[in-house]
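Asker: I have a structure I would like to understand better, so I am pasting it below and will then ask my questions one at a time.
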Amino acid sequence: MRILGIDPGLARVGYGVIDTSNGQQQMLDCGIIRTNPGIDDGVRMVEIASDLRQLIRRWKPQLAAVEKFFFYRSSTTISVVQARGVIIMTLARFRVPMVEFPPMQIKLALAGSGHAEKDEVLDAVMRELNLDQPPRPDDAADALAIALTGWFQR
């Protein structure tokens with residue numbers, strides 16, 4: 001199974017693609033979709049949708065796993081929620097089934113504790129994907145953790 005993990009954001013959307021078809025997890029790609037904060041949010045949303053569309057066409061994921069947020073009060077809440085909506089819409093448009101996980105569930109699935117530290121989750125990502133170096137940037141590593149959670153929780 002090919003899984004696309006997504007760490008939503010407006011300035012940076014992390015993505016990670018894993019393949020599990022050979023009985024073990026393998027990283028195929030990871031990175032970020034970066035938008036320019038100096039341009040209109042609507043244009044940034046179009047860029048996110050366009051880049052995500054390219055990723056879907058290239059990797060043909062059978063499942064997308066997306067981090068689910070629980071916001072309190074934050075000045076970036078609305079824009080991140082809007083970007084997340086664009087991501088969900090793009091996945092639906094290409095008929096990619098989607099699952100969502102809150103951060104605590106991702107930490108629990110990877111590190112065994114919903115209160116695990118970021119480095120514990122990163123160590124688990126490296127171990128599960130047999131990586132010698134940590135994936136960079138952090139948003140891409142987070143997206144790989146989300147993709148792995150999608151595989152573990154299927």
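Each Cβ is built from the backbone N, Cα and C atoms, and glycine gets one as well.
From Swiss-Prot, here are the annotated features:
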ACT_SITE  ASP7  active site
BINDING   ASP7, ASP139  Mg(2+) 1 binding site
ACT_SITE  GLU67  active site
BINDING   GLU67  Mg(2+) 2 binding site
ACT_SITE  ASP139  active site
Asker: Round to the nearest Å and give the CA-to-CA distance linking GLU67 (active site) with ASP7 (active site).
Answerer: 6
Asker: Can you grab the distance from ASP139 (Mg(2+) 1 binding site) over to ASP7 (active site)? Cα atoms, rounded to a whole Å.
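Answerer: Cα-Cα distance, ASP139 (Mg(2+) 1 binding site) to ASP7 (active site): 6 Å.
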Asker: Which of the three DSSP-derived classes (helix, strand, coil) applies to ASP139 (Mg(2+) 1 binding site)?
Answerer: helix
